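Annotated features, as they stand in TrEMBL:
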- 9-44: domain 'Molybdopterin oxidoreductase N-terminal' (DOMAIN)
- 53-504: domain 'Molybdopterin oxidoreductase' (DOMAIN)
- 623-743: domain 'Molybdopterin dinucleotide-binding' (DOMAIN)
- 30-51: region 'Disordered' (REGION)
- 753-779: region 'Disordered' (REGION)
Amino acid sequence: MSNARRGRTASHWGSYLVDTVDDEVVGVTPVPDDPAPSPIGQNYRGNLRGGPRITAPAVRKGWLENRSRKGRGADEFVEVTADEAVELVASELERIGREYGNESIFGGSYGWGSAGRFHHAQSQVHRFLNSIGGYTRSVNTYSHAADEVILPHLVGDRAEFLRSVPSWKEIAEHTQEFVAFGGLPARSTQVNPGGVGAHVNLAGQEAAAQAGVSFTLITPVRTDTVEQLGGQWVPLRPNTDVALMLGLAHTILDAGLADIDFLQRCCVGWERVRAELTGSIDGQAKDARWASEITEVPESVIIDLAHRIGSHRSLIAVTWSLQRQHHGEMAYWAALTLAAMSGSLGLPGGGFGTGYSSMHNAHVWDRLSPAAALPQGKNPVSSFIPVARIADLLLHPGEAFEYNGRTARYPDIRLVYWVGGNPFHHHQDLNRLMRAWEKPDTIVVHEPYWNALAKRADIVFPAATSLEREDFTIGMADNWLSWMDRVADPPPGVVTDYETFAAITTHMGFGETFTEGRSPAQWVERLWDETRSKARSLGFDLPDLETFRRRGSIQLDMPRVAPTAFSSLRRNPQENPLTTPSGRIELYSATIDDFGYADCPGWARWMEPAEWLGGDLARTYPFHLVSPQPDGKLHSQYDHGSESRRHKVDGRTVVRISPEDAARRMVTDDEVVRIFNARGACLAAVRIDTGIRPGVLSLPTGAWYDPVDPAEAGSLDRHGNPNVLTVDIGTSSLAQGPSAHTCLVDLERLDEVPPSVDAHRPPRIHPRPQTPPQSGEPE
Ligand SMILES: Nc1nc2c(c(=O)[nH]1)N[C@H]1C(S)=C(S)[C@@H](COP(=O)(O)OP(=O)(O)OC[C@H]3O[C@@H](n4cnc5c(=O)[nH]c(N)nc54)[C@H](O)[C@@H]3O)O[C@H]1N2
Ligand SMILES: Nc1nc2c(c(=O)[nH]1)N[C@H]1C(S)=C(S)[C@@H](COP(=O)(O)OP(=O)(O)OC[C@H]3O[C@@H](n4cnc5c(=O)[nH]c(N)nc54)[C@H](O)[C@@H]3O)O[C@H]1N2
Ligand SMILES: [Mo]
């Protein structure tokens with residue numbers, strides 16, 4: 001007899017009603033509350049059982065037999081019982097803590113995991129590692145590390161700044177010129193961290209266009225943005241936005257349109273900016289001609305746009321992608337400088353805003369949230385890395401690094417513990433990461449699926465998916481609370497991350513510290529109670545858990561409050577100072593200047609990125625590769641799902657190329673090409689696109705890394721993962737963020753038959769041996 005269930009789930013890409021039969025998903029229906037649901041949810045179908053699902057704890061053969069650090073990615077696995085796996089991990093954690101100290105455990109474990117307040121993978125793993133004595137952590141995000149570090153220097157409290165940015169509603173009412181650096185990629189608005197109850201962002205964009213807002217889309221890829229916005233496309237050379245911004249600023253100054261009163265009253269550093277623009281610092285005026293040479297945007301376009309910015313209510317918007325590149329800090333600083341000069345900063349619908357399309361809830365709802373979080377405990381270990389310095393950490397133990405004005409040291413990492421993220425998806429220069437990955441004694445991973453990370457672990461715990469446990473979500477800056485049912489039982493023997501951590505801590509004698517004696521259901525109850533009392537302090541009355549569970553979702557009335565920070569600053573900077581050292585907007589920062597970083601000066605300057613089309617390397621690698629977020633999935637999650645596969649050609653990622661370049665290289669639609677540089681090579685399927693600038697290729701992230709020879713760093717990736725090509729350098733010494741969008745490559749036709757993609761096939765797994773494995777010392 002079949003066992004059919006229907007229940008509700010919530011995810012980073014929306015909420016759905018899910019039908020299962022015999023613990024497999026057979027139907028996915030968006031909830032009626034969502035006017036524009038994301039198709040990403042369809043990836044759930046047929047993916048709970050079979051295929052790449054991990055169904056038992058497994059240990060890499062080479063590690064099990066002789067603690068070998070070689071062979072990660074190529075080795076076979078041996079299934080063990082949960083008790084054996086727990087015993088192996090517990091004794092490794094004890095050994096490393098004893099011999100090297102807990103700073104030799106890296107638990108930065110970056111990644112999105114799944115939605116849910118209690119089962120949130122990062123909170124779980126950090127609470128676990130804290131309860132056994134701490135770990136080396138990571139700071140900031142891959143999404144916007146450069147912004148997280150620089151904005152507090154420029155505008156003070158970043159959270160307060162983000163609450164002050166004009167909403168789409170305000171834009172429709174007041175903005176005349178919306179200048180979008182990085183475009184407004186519609187695809188990204190499908191997603192919101194922690195959940196999105198109803199997709200309304202694109203409707204907000206379209207309403208603004210209908211209200212007469214004029215859009216200028218400054219991006220090498222026009223195709224990202226919804227057509228209804230119309231607007232002017234300015235296809236600049238990638239990574240030259242700062243030069244364009246300075247050229248616009250110079251033109252505004254030259255035309256007498258700069259808001260000198262605001263610059264002098266509300267900002268510090270205007271004299272420095274003026275000196276930079278006029279050339280009295282380096283002898284080079286940053287005029288439209290100068291900017292045109294760097295950006296390849298015609299001078300007349302720059303002059304026209306500058307006049308529109310300087311004489312209308314204008315909003316300078318920057319995507320997050322603009323700071324995910326070399327010197328990414330400068331893109332935000334230059335945009336803020338331009339906005340401060342425009343005459344619109346601090347006025348309704350005007351000024352400077354970030355990430356308008358980078359996440360669903362960017363500037364849609366108020367950011368106050370009643371969400372309770374799983375307490376993570378205290379980390380007694382102080383060592384840390386900027387999140388994107390993971391390969392440097394493993395390759396350079398003991399070496400010093402710079403970060404935001406301080407010098408710190410990389411500890412000597414012996415054990416890596418990763419839960420709810422995928423560095424073989426998210427990190428740059430995967431071939432370099434492969435070499436770094438050989439350094440630790442032991443790598444422990446929890447994963448639902450045999451992806452590239454799980455295949456490169458020593459000890460793998462299977463994890464129950466979000467469809468196989470109960471929880472609830474409140475997305476970041478979202479106004480919905482959504483219940484998550486257990487719509488299927490996990491495969492026999494598969495448990496949640498929490499239950500695995502409870503077993504390991506109990507084995508090590510810290511069980512009570514980790515669990516506080518609570519079952520998962522009791523934790524969910526406790527987090528709900530806390531959410532209710534936080535909600536009460538915000539003026540909302542939430543029902544008890546049973547009522548919430550029955551109703552499934554609750555919407556809070558949380559419209560955006562009218563922005564205040566910059567308008568009150570504009571009114572009276574003495575009475576309403578920002579939380580910067582000067583109390584004003586810092587167009588020049590003495591703090592940053594005093595850090596003395598050659599790659600991050602104290603005011604907005606154009607600096608050549610490590611790789612760009614105007615540099616010498618472009619003679620060898622003539623294409624700039626951008627690697628945007630994927631359309632049919634979140635990062636690498638459910639890469640094997642139907643919606644993800646719909647965006648591939650014969651299972652391979654699609655690379656977009658201009659008609660001119662396609663003709664020059666004699667490649668046609670769907671043809672498989674090899675994309676390469678000195679760091680690596682991958683295959684991808686061609687899609688000719690009139691919305692892409694010649695000289696630029698766009699290859700989205702998310703394909704599970706699939707090298708022909710998994711034992712060899714540098715081997716051809718068959719699947720189309722751009723991170724075999726991207727460069728692993730920090731944005732600058734200030735934030736040390738990822739520089740994924742700074743990347744030159746070449747492309748060629750593939751004359752032989754392309755090897756087929758093998759990424760979703762599990763590794764070879766041996767059944768459990770008769771004699772249980774021994775825990776022991778590494779060789
Ligand atoms: N080239 C290039 N690279 C980039 C970017 C780019 O623009 N260009 N963008 C970067 C950005 S902004 C980001 S945020 C990162 C994203 O990188 P990640 O967040 O690391 O990517 P995900 O694929 O979301 O990884 C989440 C993993 O957690 C697993 N998982 C889900 N739920 C659970 C759970 O409950 N328990 C456990 N144990 N596992 C779970 C999923 O199966 C998946 O493998 O990528 C970065 N990489
Ligand atoms: N469907 C889907 N949506 C997502 C995600 C996902 O995985 N899937 N991930 C989410 C996450 S974690 C994040 S952080 C956000 C990221 O959101 P964003 O950072 O906004 O998105 P990206 O796709 O990285 O880049 C957007 C566009 O920037 C442009 N671009 C790249 N380089 C340059 C440049 O030098 N100059 C200019 N002017 N433009 C450039 C390209 O056209 C690119 O398509 O997206 C979120 N939304
Ligand atoms: Mo991100």
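Yeah, the Cβs are placed from backbone N, Cα and C, and that goes for glycine too.
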Please report, as numbers and ranges, the same-chain residues at least 6 past the borders of the region 'Disordered' (30-51) whose CB is under 8 Å from any CB of it.
8-9, 11, 13-18, 20, 23-24, 190-191, 197-200, 202-203, 465, 467-468, 480, 488, 491, 552-553, 555, 632-634, 637-638, 640-644, 760
For a three-state summary based on DSSP, what are the helix, strand and coil counts in the domain 'Molybdopterin dinucleotide-binding' (623-743)?
14 helix, 29 strand, 78 coil
Considering every residue in the domain 'Molybdopterin oxidoreductase' (53-504), what is the mean pLDDT value?
97
